[in-house]
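Trainee: Have a look at this one before I ask anything.
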Amino acid sequence: MEPHSYVWLLIIGGIVAFAAGFGIGANDVANSFSSSVGSKTLTLKQACIIAIFTEFFGAFLLGANTSETIRGGIIKISLFENNPDLLMLAMVCALIGSALWVIFASIRGWPVSTTHSIVGAMVGVGISAFGWKAVDWSFNGITKIIVIWFISPIIAGVVVSTFFLTAKYLILVHQDSSFRRALIAVPIYITFTIAINIFYLLFKGDPSLNLENLQPYVVAIIVGSVAIIVSVLSHFFYAQYLKRKIIGKETGLKWYHVFVVPFIGPRYDNDTERGTNDDQNGKQEGIEIEENVNNSPKNIFQAAFTAIGNYIARGISKEVADYKAHDNIELHDAAVKYDPNTEQLYSFLQILTASLASFSHGSNDVSNAIGPLITIYLIYDSGVVEPPGTTSVPIWILALGGIAIDVGLVLYGYHVMRSLGNQIIYNSPSRGFSIELGTSLTVLTASKIGLPISTTHCVTIATAAIGLCNGNAKALNWKLLASCFFSWGLTVPVSALIAGGIFAFTAYAPSAPT
């Protein structure tokens, strides 16, 4: 076809890709932060603020690898060589089918796999267009993806259980010395987490960064140097800051004191009476200001901006950590509890691992939204079907996917947060830390290889594995876990039927005589 034809398909594809990214943010980002919010390490608002950056940069810097697999590893796009415009339509329909199912599941609070959704939608449009032969059933195609779907959650569960059981028997069960032991482990945890991020960014970053030309020894030197520096700084600065903050109860220590903590003396807030009076005066002034604002006239523009602001704030102000907690009393009572000070120490570490998990999620799952859009754009730009791997992913498409994920999280992410927070298991900082670190390692490795795995499956199975580590079957919500499995089983066929049906309706509908 002529280049720059069917601009309307490109526009619709961009809109629907944004909607698909919105669904990913509303559903899948809970995989990264539900443990932190459930254990009350972070509030939902704080998690959203962090995720806005980590999800975007994960998608922007590492999202190109899995996008190529989604773009050309499921259906045989060579069948569309004589009809590139038909492939554009197929990709638009796949995005519609995937987005509709994921957004519906998010409204219901079901943690479904957005990867399964887009793969099912791609299979649906392929079969609708050319029959079963359109799907690449070989191990290099969809068979490998399906096998990885089953293997990756098991790997994540084993890795997460290894992290948690190591911490449990070396640190947590030693009630008298658990905090001291955990404090020694802090530099190790932080160094390992930072090293993983640096390694994958250098070893398999976005092709536009031209990092693939780095020699392995250069990567090793950079990662090793960073690891040494981080380890030293963590031991002498961050670990000492945590000790004084948690054990010393130094209320005057602020977050920025971590950079100078060895050089400053004890800091306490002794002027509590003045602080209380100031708080009361501030509250009174706030009430007066609020009354004045409410009584002041508003024009239509002010009213519109206020309504938009309230809607955005509604999504990040929900209470998800204690949601229906009374229904899970037996579940929480069956879990083993550990030293509160040690758990608080892990809560500081959990912020770092949650950020890593979010970064890895953005790198893997953004492909579910932008993979088809990349195909649409390349056909629009060149007029031909480009074989996968022959062209680079446009930066603006990666950015669009990252922004869409952020918007979905902020406006609607709280629904699935409730399910994965404290309702499958009792979540504490030490458990959440292990879940986030183990799953992020699994997902980042998959992104490096270019495998679009299900982060939902990895996190859910990893969470269940942590529940089993209690040694008590009652510490796991089997009913909710079964409902998750049921929604997973629906994902591929439902998204395939929706996408395939829409494609058949649009591509093969009767046309008016000319």
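For all residues, glycine too, the Cβ spot is worked out from N, Cα and C.
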Trainee: Out of 369-388, 449-468, let me know the one TrEMBL marks transmembrane segment.
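Mentor: So the range that TrEMBL calls transmembrane segment is 449-468.
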Trainee: Verify whether three or more Cβ pairs under 8 angstroms connect the transmembrane segment (183-203) with the transmembrane segment (215-239), leaving out any pair fewer than 6 apart in sequence.
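Mentor: Answer yes, regions in contact.
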Trainee: Hey, which of 147-171, 395-414, 449-468, 480-508 has the most Cβ-Cβ pairs under 8 Å against the transmembrane segment (117-135)?
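Mentor: Answer is 480-508, with the largest number of Cβ pairs below 8 Å.
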Trainee: Need a quick answer: max count of Cβ pairs under 8 Å to the transmembrane segment (480-508), which of 147-171, 183-203, 449-468 is it?
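Mentor: Answer, by Cβ pair count: 449-468.
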Trainee: Between the transmembrane segment (147-171) and the stretches 6-26, 183-203, 395-414, 449-468, work out which stretch tops the count of Cβ pairs under 8 Å.
Mentor: 449-468
Trainee: Residue list, the transmembrane segment (6-26) vs rest of chain: Cβ under 8 Å, 6 or more residues beyond ends.
Mentor: 55, 85, 88-89, 91-92, 95-96, 98-99, 102-103, 106, 114, 118, 365-366, 368-370, 372-373, 376-377, 380, 397, 400-413, 415-416
